[in-house]
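Asker: Right, I'll just put the structure down here and ask away after.
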Amino acid sequence: MSDIILLGQNFLALFMESAPWLLLGLLVAGVMHELVPVSFLEKHMGSASFGSISKAAIIGAPLPLCSCGVIPAALGLRRSGASKSSTISFLVSTPETGVDSVSVSYALLGPLYAIVRPVAAVVSAIYAGLMVRFFAERNELTVQSEPVPASATSSCCSTKAKPEVVKKPEDKTQCCDSDPTHQHDHNVPRKSSQVAKVLSYASGKLLEDIVVWLLIGLALAAAIKTWVPTDFLTQWGDGVVAMLVMALIGIPMYICATASTPLAVGFLAAGLSPGAVLVFLMAGPATNVSTMGMIKQEMGARTLVLYLFSVISASIGFGYALNYLVSSFSLSSMIKTASHVHEHGAGVQIIYGLCAILLAGLMLRLGVKKLQQYRHNHEQHSACCG
């Protein structure tokens, strides 16, 4: 029973820690979806070129979005015209580093990690984007270049239409239609209307798309925090085994770059090599169950496999490189090993709590709306098609 209570406490702590960043990510995604012109995204991130992939990595690196906040932001980018490779590049670089995590890394881990982390984030993001470009997008680009005849068939009991081309909304409604497709209109002059659309899209469609994987990821991270002892992580010491263990432990965890830094301090103090700790600092924030679920849903299983392979191989490669640099150039003095515990002040804790309440309320509201919509659609379908 005590373990169950501890599991619940860890889940609530993780939920509260991630709530403000997730809300920020939803807001950023809503702004990008409604206010950023599609032509801008197509110009800078719409292609699968090396330049677009690099821009996505560089744009994402300084953003203060963690592994939870980057999901809706990346989803908004993808649905607004960004290519798969650019989206993956953004997904890797953004949670791995940020202006906040660099400052925390300098304070807790020393200047070496403050330099290595952003560099590793950008390089690994470009590498992941290129992997997706060469092994997932090349065949798709060939298929997409061929003309596809449009289908205009519809019926009373149709379930879902394919929105291949964005057209002006029509007033036609059908008895058994499913959710209407969101229509872009970036030329609306009324700012109040645009703000309403931003908030509606962020708290509605986007949150709906990620809420299940978000809760699964938080639950799994809480389980790892509850039942995986620290000794299990630190007993491997140095070498490829330690790095693989840290990568496999970090992948499902729901932790942001800033929150992972105090854990890294503990791992260093417990005897893990600097390279193995770097693997955790890269793989932990860059990946989690929620992100993996979103990638599979939006971009396919092949892209997910390439994403995971890229993150793991890049983090291990940088881990070996860091160990080599530390041993060859005597850089251990640039790494802090003293234990520091990061805690929020009372005022900040109140803000985190309010954000958690707001997020829980939005989730509950979404659940009630989905239940009402399901009942309505079921009754309508029975009346029309029964």
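Backbone N, Cα and C define each Cβ position, glycine as well.
TrEMBL: automatically predicted annotations, no manual curation.
I grabbed these lines from TrEMBL:
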- 12-33: transmembrane segment (TRANSMEM)
- 53-77: transmembrane segment (TRANSMEM)
- 115-136: transmembrane segment (TRANSMEM)
- 210-228: transmembrane segment (TRANSMEM)
- 240-257: transmembrane segment (TRANSMEM)
- 263-283: transmembrane segment (TRANSMEM)
- 304-326: transmembrane segment (TRANSMEM)
- 346-368: transmembrane segment (TRANSMEM)
Asker: Quick check: do the transmembrane segment (210-228) and the transmembrane segment (240-257) share at least 3 Cβ pairs under 8 Å, counting only pairs 6+ apart in sequence?
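Answerer: Contact between the transmembrane segment (210-228) and the transmembrane segment (240-257): present.
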Asker: Are there three or more C-beta pairs under 8 angstroms joining the transmembrane segment (115-136) and the transmembrane segment (304-326), sequence spacing 6 or more?
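Answerer: Contact between the transmembrane segment (304-326) and the transmembrane segment (115-136): present.
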Asker: I'm a bit unsure how to read this: which one of 53-77, 263-283, 346-368 has the highest number of Cβ pairs shorter than 8 Å with the transmembrane segment (115-136)?
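Answerer: Going through each listed stretch, the top one turns out to be 53-77.
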